Every structure is written in C-alpha cells, then in structure tokens.
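Feature list (source: TrEMBL):
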{"type": "DOMAIN", "residues": "27-107", "note": "domain 'G-protein coupled receptors family 2 profile 1'"}
{"type": "DOMAIN", "residues": "124-374", "note": "domain 'G-protein coupled receptors family 2 profile 2'"}
{"type": "TRANSMEM", "residues": "126-147", "note": "transmembrane segment"}
{"type": "TRANSMEM", "residues": "159-176", "note": "transmembrane segment"}
{"type": "TRANSMEM", "residues": "212-230", "note": "transmembrane segment"}
{"type": "TRANSMEM", "residues": "242-262", "note": "transmembrane segment"}
{"type": "TRANSMEM", "residues": "274-297", "note": "transmembrane segment"}
{"type": "TRANSMEM", "residues": "318-341", "note": "transmembrane segment"}
{"type": "TRANSMEM", "residues": "353-373", "note": "transmembrane segment"}
Amino acid sequence: LPFPLSKVQGTHPDCSVVLHFQEREAECLQRIRSESHSPGQAGQGCPTEWDGVSCWPALPLGQSRDVACPEILTVFRKSTGLIQRNCTEWGWSPPSPPYHSACQLETLGSNNDTEAKARHFVTMKVLYTCGYSTSLAALLLAIGIFCCFRKLHCTRNSIHIHFFTSFILRGTAVFIKDSVLFSDESIDHCTMSTVTCKAAIAFFQYSVLANFYWLLVEGLYLQTLLLLTFTCDRSYTWGYTLIGWGVPMVTVGVWVLTRLRYDNHGCWDDYSSVYWWVIKAPILLAIFVNFLIFLNVTRMLAQKIRCPDLSRTHKQQYMRLTKSTLLLIPLFGVHYVLFALFPEHVGVHARLYFELVLGSYQGFLVALLYCFLNGEVQAEIRRNWGTWQRSMESNVFNLATQDFTA
C-alpha cells in the first residue's frame, strides 16, 4: 500500500507538548501577518495576539472574547473552563481567570523527583559508557588475535570478525549520537533538526540492524556447518556479507527516504512514528528466523549426539561450535521481543536498562565466547608464546656465547 501523504508527527509525549504550542503559535503568527497585509483590518480595537498559550483573534474596542483550555491532557486536565479577555483602550486585558485556575494544571513532579531522575540518567550513562568502552577494547583485541595468527584464518573466524565489527560500529554510534544530541544542555532536543543529528541517528540505526543481521549470519553458518558436516564452503561468504551488511544498508536507505518524504521533523530519534516499523520489522524478522534456527540446531545436535556411530571427538566439536551461538541467539532477542508489542514510551526505565546498560556489555560477552574462551585460539596463543620464548632463549644463549668466545 502507498504511504499516506499527510505529514506524521510521531514524537515522544513530552516533545509533543512543545510541538503542539509551536504549531499553534505559527498558525497565529501567520494569521497576524495576513491581517496586517489585508486592507480594512486596521482600526480601533485589539489586533490578533498570541499570549504563549492561546491565539486571541482581533476584537473591536469594548468587547470581550472567551477561549477554551488547550486540549493537552499531559499539561491540562480535561476541563470545561473558559478564559476571558477584554479589549480596552489600553489593549488586551489579562486572562481572567488565569490559565492555571481555569484549566486545572496537571500536578508536576517535585524538584526532588526531577533531580533524582537526572541522577538516575547520569548514573546510567556512566554505566553504559564503561560497558561500551570495555566491549570496544575486548573486540579490538579479539579482531587483532584472529588477524595475527595465520592458522585462525578461516570462514568461521572471518564471520566472527564481521560480527565483532558490527559491535564496534554499534558502540561507536552510541558515542557519536550522545556527542551530537546531548553535548549541549541548552539545546531544545524536541525541535533540534540538523543534518548532523539525522546522520548520527541513521548511522546508529544501521549499526543496530547490522548487529542483529550478523547474529543471524552466525546462526545460518552454524546450521550450514551441521548440515554439511563441518565442510567449510567459501561459496557462501558473499551471501553472508550481503545479508550482514547489505540488508541493513537497504533498510536504512528506505527508512531515510521515507522520513525525508513523509516525516521529516526533529532528529528522527522518535520511536512512536508509524515509519519506525521500517526499522523495527526487519529486526523482529531476524530475531524470529534466529529463533527457528535455534530450535532446528538444537534438534540436529540432539540427533547427532545420540548417534552411536559418532566419535567422541566429533561430539566435542559439535558442542564447542554450537554452545556460543546457542547462548547468544536467545540472549540477543528475548528482551527485544518482550518490548516489541508495547508503545515505545511504556516501560522506558526497563527498556533503557536492558538496551543501554546490559546491551553495552554484549560486545565483551561475544569476544569472550568466540575468542578468549575458544580452545583453538588458546592453543594457538600458547603455541606461539612457546615459540617466542624458545626464540628469545636461543637469542640470549647466542649473545652470551659470542661474548664468552670474544
């Protein structure tokens, strides 16, 4: 179905209040400009005026006008109260009764609550900054290990390197997004709309999508290994690359074009827009397919382990190759599925904790499972360490012998 042509304002509830008043103000100012250019509008009386809350149409001298309370439930309670202003020879009279009396303002949180929330978010930012920094260091070290040792060069570890890279991009994107959106506290984030901040959000969405799709590639490759009985077929490498990097690129490209055409407001960091499903649906699809792979791999593994003709060595190989991916598939998808069917402003604290704090350490966990706890990697490091030690001892012995003979 074609997208609707109307502009969508899918914003967080807090920002929707700001945008509502800005739209009403823009409409009122447009009305004032049109009246100023129209002949016969000037004369005695009070011109159209915006008082910060409502637009008061022009009124002849000595008359009064009533307006209703703004229809914003998060600011004003549902009220039938009216506010009146008179047109006097000195101009518009003050609103009577005042807005806070006639419209019954919603009770706002105390300063202590606001300060507690601010401290909570500062603490959370420190935690996920430490998490992403730890993950980035571990992932870079793991990539260095896979690249330095020639015996570790294979299709499986090449896929691991791509998977690690997607985590590095995700951590980098978080830091870039924070520096662009939250570096200056004086900026109004509800109305901020620059090319830089939109590019930062687009890069962040790409890194998140790539992260989930390289996890999908890990699952697909594991299933392929079990089906082909550990036959490393490099013909699948380009297909895996297209899935891991290509699908996210196409998805984010479609999302960017959609936002530019139909919903180009703010920094695109709102998740209540209907067009957010352009990003959300592919992620849910990757999680669903990974879950099916999880069930299928578990079934195949159980069959192979129960097979009496399978040697103990092969059973250990199956267990070693599957345990990491079988752990990561549910770990990466469960919390996302739990929150997928709820609006983005529901369970914000729990969502932020899972996606930011716990999610920031996922890269470290991946490096730990696929590299640092990998028996093949440990054996290769020990072998090279022993070779280096023997080489150093030989060099020291040769130098000592030369000095003695001299």
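For all residues, glycine too, the Cβ spot is worked out from N, Cα and C.
Those TrEMBL annotations? Automatic predictions, nothing curated.
The transmembrane segment (353-373) is in contact with the transmembrane segment (126-147), judged by 3+ CB-CB distances under 8 Å for residue pairs 6 or more apart in sequence.
Within the model, the domain 'G-protein coupled receptors family 2 profile 1' (27-107) shows a mean pLDDT value of 78, rounded to a whole number.
Taking every listed stretch (159-176, 212-230, 242-262) in turn, the largest tally of C-beta pairs under 8 A with the transmembrane segment (274-297) is reached by 212-230.
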